[in-house]
């Protein structure tokens with residue numbers, strides 16, 4: 001039998017924990033193998049089981065789940081850590097990297113690099129908290145289950161989290177519909193109405209979303225991440241070797257009144273940089289890193305969830321290197337006055353622009369597909385849990401799966417047409433959703449897990465380690481609250497300013513080209 005999680009002994013060795021050894025004591029859930037009486041660190045379950053589940057259901061470990069789906073024609077717990085790493089790479093190594101030069105132009109090169117590293121490490125830390133929580137609760141299927149557990153099993157929290165979860169994923173799908181139309185307009189010179197290009201991209205993405213397991217999607221994810229790396233590498237090389245960026249010494253080039261001259265590179269923010277522009281730049285960087293919303297869904301389909309940190313560390317190291325180098329190089333060669341979001345539009349050579357942008361096609365399709373699949377399985381599993389339609393090829397099952405996907409892509413198409421600008425859409429998603437799924441939830445999860453392990457006096461029992469952990473996670477929660485309030489205000493004000501200043505091409509459901 002595959003085992004659910006590891007415990008740690010006082011001699012720092014690890015031992016496997018059988019999910020069936022979990023017992024309930026005094027309203028808390030403990031694992032008999034890892035109880036303090038054995039001398040090792042406890043991995044207690046957080047009190048407050050999801051509504052409607054019995055104690056027996058809550059003890060459904062990984063091995064039992066594998067047994068239950070052994071006879072199904074569609075198996076879900078099939079991902080190795082390498083396949084999970086491929087999914088994470090495709091999620092993080094994405095088009096949003098090309099918004100970093102814009103963020104650096106607002107924040108300055110040095111603060112931009114510092115923000116990049118700090119956010120990367122905070123996401124690594126909180127992702128490990130997510131992983132630990134999922135090890136304690138192998139029955140978790142997605143972040144909505146986590147949300148309800150964190151907040152004492154309250155049903156309304158589950159519905160609130162579910163609404164944010166689906167909206168976040170659909171907004172990301174909408175971003176890729178918007179960018180797909182932008183790509184088609186760039187390649188064709190605006191040969192078709194932008195609404196038409198958006199519809200074409202949404203339909204193409206719908207058909208690409210039809211596979212029902214992450215195991216299948218992981219193969220596509222590998223290609224997506226590879227081609228994205230090639231795309232951003234080419235963009236950086238082309239920015240360095242071309243004579244001048246797009247708009248150089250042109251009456252209609254540049255921005256913010258800086259129309260001519262060599263690229264201006266700011267080491268620190270320019271004097272007078274406002275809260276709205278600075279916050280949007282920060283949110284653009286945050287959006288690219290924060291992807292914890294999918295982690296419970298990925299872990300729920302891993303054969304060995306304990307191996308998840310291997311995938312996480314590999315992705316984080318690559319993120320810091322690729323994001324920092326690409327953003328710095330492109331910004332240095334395009335400067336404050338010529339950069340665009342995405343940065344492909346900063347390239348002055350039309351061939352360079354089209355070649356580097358074209359390598360992004362797999363990601364433009366796949367990342368929207370990944371989030372559509374996460375949303376669809378969230379709804380699908382709850383409709384067909386315990387029925388043959390979930391794990392077998394049935395007409396009802398496939399028709400429902402396709403119907404759910406169609407609804408998400410129609411909603412994504414509408415979002416792409418209503419908010420037709422790249423950087424503000426990134427910022428809006430970051431402030432509304434990443435505040436919870438990137439910070440608030442996981443600061444709360446840390447405190448609930450430590451209280452479950454050490455009891456009401458966990459702060460004093462753990463000494464300086466407990467106090468420092470508490471302070472760090474309070475800071476994370478405060479960052480999330482600041483993003484939710486100040487970030488949402490800044491993004492909405494930026495959207496209003498863009499329309500007021502005439503910076504938006506056309507308007508909602510426009511035929512005007514949005515090509516680079």
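Using N, Cα and C of the backbone, Cβ positions are placed for all residues, glycine too.
Annotated by TrEMBL as transmembrane segment, the relevant range among 47-70, 311-334 is 311-334. Looking at 1-42, 85-126, the range annotated in TrEMBL as region 'Disordered' turns out to be 1-42. Residues 43, 46, 100, 103-104, 140, 146, 149, 267-269, 281-282, 285-286, 289-292, 295-296, 299-300, 305, 308-309, 312-313, 316, 319-320, 323-324, 327-328, 331, 438-439, 442-443, 445-446, 449, 476, 479 of the same chain sit 6 or more residues outside the transmembrane segment (110-134) yet have a Cβ under 8 Å from a Cβ within it.
Put simply, of 187-208, 264-290, 425-446, the stretch with the most CB pairs closer than 8 A to the transmembrane segment (85-104) is 264-290. Scored on C-beta pairs under 8 angstroms, the neighbour of the transmembrane segment (187-208) with the top count among 354-374, 395-419, 467-490 is 395-419. Sequence-distant contacts of the transmembrane segment (467-490) (same chain, six or more residues past either end, CB-CB distance under 8 Å): 122, 126, 275-276, 279-280, 282-283, 286, 427-428, 430-432, 434-436, 438-440, 442-444, 446-447, 450, 459. Beyond the ends of the transmembrane segment (354-374), by six or more residues, the same chain brings 87, 90-91, 93-95, 142, 169-170, 172-173, 175-177, 179-180, 183, 186-187, 201, 204-206, 208-209, 211-212, 214, 217, 220-221, 223-225, 227-228, 230-232, 234-235, 238, 294, 297, 344, 347, 405, 408-409, 412, 516 to within a C-beta distance below 8 angstroms of the stretch. Through the fold, the transmembrane segment (264-290) approaches residues 92, 94, 96-97, 99-100, 102-112, 115-116, 119-120, 123, 258, 319, 323, 331-332, 335-337, 341, 423-424, 426-427, 429-431, 434, 437-438, 483, 486-487, 490-491, 493-494, 497 of its own chain, all at least 6 residues removed from its boundaries and within a Cβ separation under 8 Å.
Under 8 Å from some Cβ of the transmembrane segment (395-419) lie the Cβ atoms of residues 166, 169-171, 173-178, 181, 195, 198-199, 202-203, 205-206, 209-210, 212, 368, 372-373, 375-376, 379-380, 383-384, 389, 425, 428, 495, 508-510, all in the same chain and six or more residues away from its ends.
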